[in-house]
Amino acid sequence: MKIVVSGTGYVGLVTGACLAEVGHSVTCVDINEEKVELMKKGVSPIYEPGLDEILLSNYKKGILNFTADFVQAYSDADVIFIGVGTPEREDGSANLEYLYAVAEQIAQNIKKDCLVVIKSTVPVGTNDYVEKYIRENLKNDVNVEVASNPEFLSQGTAIKDTLQASRIVIGVESKKSEELLKTIYERFNIPIVVTNRRSAEMIKYASNDFLALKISFINEIANVCELVGADIEDVTNGMSYDPRIGNKFLKAGIGYGGSCFPKDTKALHWLAEDNGYEIKTVKATIEVNENQKFRLFRKAKKRFNGFKNMKVAILGVTFKPGTDDLREAPSIPNVKALIEEGANVYVYDPIGINNFKTKVSGKINYSEDVQEVLKDADVAFIFTEWDTITSISLKEYRELMKTPVIFDGRNCYKLKDAEESGVEYYSIGRRDIV
Ligand code: UGA
């Protein structure tokens, strides 16, 4: 069976690599020749731990291939997985132009019966429309079906999330498509959930939006904890023993970011509205998150009465550790606001600095040395819980900074340690150490 994967971002490339890892013959298509040459050398165009090794080993075995020649690749494919981006438009809806561009290429170039599998996160109904579109634009007399197979991987743990996924969801409208996808996935030995295409599309949005809702909920509980003298870490610990609640995605912080939760909450809100329904829980999830991003900024502004000419140390800029991705990272609006306030901003991040430079302009000092960033600083903000940040001892802050005042958006330190070390420490959902 010849499998082709279109799109070499997180979803496409990890899918291609993992399908090859379990022994399928896979060709990954990307129109960028330079990227193709790099991937052949085992260099992934995205930062994802463990991916380079899988690319190289399977390329050397001859079962994973990379090409920019989509005409040739699609012509004799049995199955084409689509993993292109579906970024948000200004109104919150999903932008499907990349998806339809691939659909057009498929319609023009397939020369045998083919199953097209959409892995990208798409609004409910898209699989139906893409199938209709391809069928109406076919150049050759072949049969095409479209199936939905949403992706549940997280950046930073993408390989494990794919090879050891909690479930594989397939949305199909025919027994033939179901059997073909089951044959492809049986090697993964993971529970397979079979449903229709629209339900599969909805499973993806509902899953991501539920996780985002959990985070916004716990962030609000944290905000109330601060007002009533409770401690969010103890509260979540006490909640998590109930198996109906669990301990996952209950970490309070500075708000969620990334390429998925912000986009998928807005897209579901838009989709519901487009169908005449206001989805209030998702609306609240979005609003709470927007507000949460500035919680520490507001507290710090009050504490210092503005930031004019202060040296502000920023520790961590990526939306979470283990990725160089800056999309929707809470650090971005915070740094912009600090610059507007006249602060001298010094940024540390182990791998996110290059991407950060493309997102925020202005006078910013960058360093991959935490000590340099903290030295003589008036205040430090923690936005990402990288190991290299959580391993800094509170004593170091006290010794290096001019005034050791820390605003920790990820609750990296114990209050007892902050108290003993003599720093001034503000975190999320816990009492201030002043
Ligand atoms: C998310 C989902 O977790 C994946 O299941 C999904 O497949 C993926 O989106 C996608 O749709 O492609 P990802 O965006 O990589 O994965 O990141 P997460 O690990 O889910 O974290 C998202 C944000 O939530 C981060 O900013 C993180 O710091 C924040 N978060 C997470 C919290 O603030 N608290 C938590 O308890 C967990």
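Just so it is clear, glycine is given a Cβ too, placed from its N, Cα and C backbone atoms.
The annotation NAD(+) binding site is assigned in TrEMBL to ASP30, LYS35, THR86, THR121, LYS263, ARG327. Under the heading substrate binding site, TrEMBL lists LYS204, PHE249, LEU250, LYS251, ALA252, GLY253, GLY257, LYS320. The feature active site, nucleophile is assigned by TrEMBL to CYS260. As annotated by TrEMBL, domain 'UDP-glucose/GDP-mannose dehydrogenase C-terminal' applies to 313-415.
GLY253 (substrate binding site) and ASP30 (NAD(+) binding site) are 37 Å apart (CA-CA, integer value).
Local packing around the binding-site residues LYS35, LYS204, LYS251, LYS263, ARG327 was summarised as the count of other Cβ atoms within 10 Å of each Cβ; on this measure the leading residue is LYS204.
Across the residues of the domain 'UDP-glucose/GDP-mannose dehydrogenase C-terminal' (313-415), the predicted structure has a mean pLDDT of 97. For LYS320 (substrate binding site), the nearest of the recorded positions THR86, THR121, CYS260, LYS263 in terms of C-alpha separation is CYS260. Residues from the binding-site residues list (LYS35, LYS204, GLY257) with a C-beta closer than 6 Å to any atom of ligand 1: GLY257.
In this structure, of the recorded positions LEU250, ALA252, CYS260, the smallest number of CB atoms within 10 A of the CB marks LEU250. Between the farthest pair of Cα atoms in the NAD(+) binding residues (ASP30, LYS35, THR86, THR121, LYS263, ARG327), the distance is 26 Å. THR86 (NAD(+) binding site) sits 10 Å from the residue listed as 'active site, nucleophile', counting Cα to Cα. Local packing around the Cβ, expressed as the count of other Cβ atoms within 10 angstroms, is greatest for GLY253 among the binding-site residues ASP30, GLY253, GLY257, LYS320. Annotated pair LYS251 (substrate binding site) and CYS260 (active site, nucleophile), C-alpha to C-alpha distance, rounded: 18 Å.
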